[in-house]
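Worksheet for the structure shown next.
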């Protein structure tokens, strides 16, 4: 065995790589940049903040270093060899390659009578609930493929949603949404929501959000039963609604091509974006909160940056439903074709996998299963599930979501969730705004005094301008005085308007509807000012 | 094709036997936890509310004296022992764990005015208006006894009679010397029946005395001529004197920063001074609505407790200008003496209603043994509360204290008076020649002069 005195250049490169990797990990855990202490003048505060920053740095580093012990499972992947393309791989060939346990996970369930089916997973990915349009509800334990409960409601089922855990779920039925427990017992009928088309549950806030056939949004607190908010979108009937997991804002896609975003404490939408020419068919949000994918009837799938509200990429493709996975894969369904897209750098999504159902099946919903490399598909002839390597988060946190939780852990988690229930006011576009200082408004209105001073200055300047000497009697003292006066008036006119505004009475514009203005014949068209 | 998918066998992630602990897996990735700030804020808010719910600071009253409690002393040798002296001359030793009298000393004729223990805890010194100083050897004997019968302790080991009534006593840290105050400052030795030294500066009565914990030869007294005087035993005369507008009832050195002391003043405020710079107070601690009678520092030096004539006990941060906590009960009358116990967890107050009262220093603290997990949780909640303390909702809940109506009203009246005074001063300044009425900071306003 020889002892090499010189360091291997390859090894050195590896070391450098691992250092860079470490830095990236630390950046992930330090949650944003450090405060700029250089600009501070208060020494005491500076010292305190410096101490805090040091602590944050240490804990980020510790978390990054502990990653290799805490994260024992490697995430999934699918890598081509040679000239192969990942999207050419069939499900059968993938299933043959993976281990026995995983090869049992994909399935095709043919339920031709009561479809098309929609589905939903619990946030820990263990349980699945499916709803057939013609009234078939079934709940399954996906860990050991057990059917927990199956029943018929004998009326139209439009959507299903789990509440905070698998014990309760909501079903949007023909006239109202209902709440059932895992034994299929009806617990509540939420008549106030009306004929709801889509349901979403915000688990940190315990809010059930529904949109009904009149385009009304309802927010109901599921722990107290209180109706928190009820807003008209005013943009017509739609069944495209998704919650943004990053900030719990609800995104609604409308038939006019608009996507609006809502929070329960404002009557008006926070954001209205014109995303498509023609109806929006699907909306999905990434876990990181900065990406939104929309699909429209105009044969476009668009990826949006939600920090700038701009299109990042636009692709020509159809999609009836979209979903982002935990690791950022995007699934879209078009007829009987399910396509999975993957970020190839710079949010440019390229086709990663394709899965074609049997011809004639119409895919209704695609949904990634959390903490697993699986995508669930609800279609007109039943349910399917396919393997999508690299879609799920490999390592769960027992205290956040636990796919193998026991009954006791579930109960404990329920109590904690109720204790930490967030008030509806905490839903906002930027959730990190809480406990930060509001920036002062850039343009302050000038005070009366300031305007007066400014006018004085302007007048003084205007008076001091030299008037050109002119011939043929145009420089007579009277003319010159008049000219100066004009100059002064011209200089102070823009300021006078501001001055009037500060006096409290902005100049009222005459309304067209004012009756005195209109000739008699037109007066009846004027808006009636009395309610 | 290289392919791998997530595959977890359930056995790997669950415990093998029901006796085992549940397996815990952590992933600290921030992406798994959305809305972290909102969650933290909610936790802080809930913690602030729970703190209010659990705030039950009063542990119990200890009755036994038949007249007002005038003075107390704690024993450095024993955490649960407190001596108290009352206006009828009675001296008692209390076990504050059991909240019982352990021993009763046949005290003085007339009020006991001062109590002090030596640093080793083997000697109790009492003095009173009957012009005597009494020394009690081994005062803790009863406490160590297993027999729980309350009986009279033995007679004092020494009784020294002197020329004037005494108002206070304090024992030197590490030494054989103690000082009494009355008409003058007398320095005594344990073994001498007459003072070994006396100091006099002015003719007025001295009210309290405290030895410096860091420099054993330095002591401070407060007197009814509104002065605070520093003495050095190595010199023949007093060192420095500060005269204020109102008198100080009590003084206490900060045990961790022994150059600083805090004086409990008659004008409802406490003044913290650096003994090297007496020209201005470091901090004025405001809050009481009547004269502050007694003050005692916590052994950590971060907090002190004050008792006041307004029937409340307050806790201040050593550098805080307003009280952190206000304690009161329906039955507690004028508080004459307060002590912070040597473990920093409890307060003892003695008041006019003949009772001693035991309080927790942190109102909502859980007593007893705390499991490490509970402690960690508490630390986390404290940190979160600290982080979000500036938000209005949390601030409101944390700051709120219910006060008895008379104190609440008195505080309002005081505020009005102070505002009126400052307004008047402002107007005077506006109408006098510029610079002729300089702005006097509050730290200096109540001081008159310093005499060397």
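Cβ coordinates come from backbone N, Cα and C, glycine included.
Range with TrEMBL annotation region 'Disordered', chosen from B:389-420, B:421-452, is B:421-452. According to DSSP, the domain 'Sof1-like protein' (B:361-446) comprises 54 helix, 0 strand, 32 coil. Sequence-distant contacts of the repeat 'WD' (B:105-137) (same chain, at least 6 residues past either end, Cβ-Cβ under 8 Å): 67, 70-78, 83-93, 152-153, 155-175, 178, 180-181, 188, 190. The average pLDDT computed over the repeat 'WD' (B:105-137) stands at 92.
Assigned with DSSP, the residues of the repeat 'WD' (B:285-317) fall into helix, strand and coil as follows: 0 helix, 19 strand, 14 coil.
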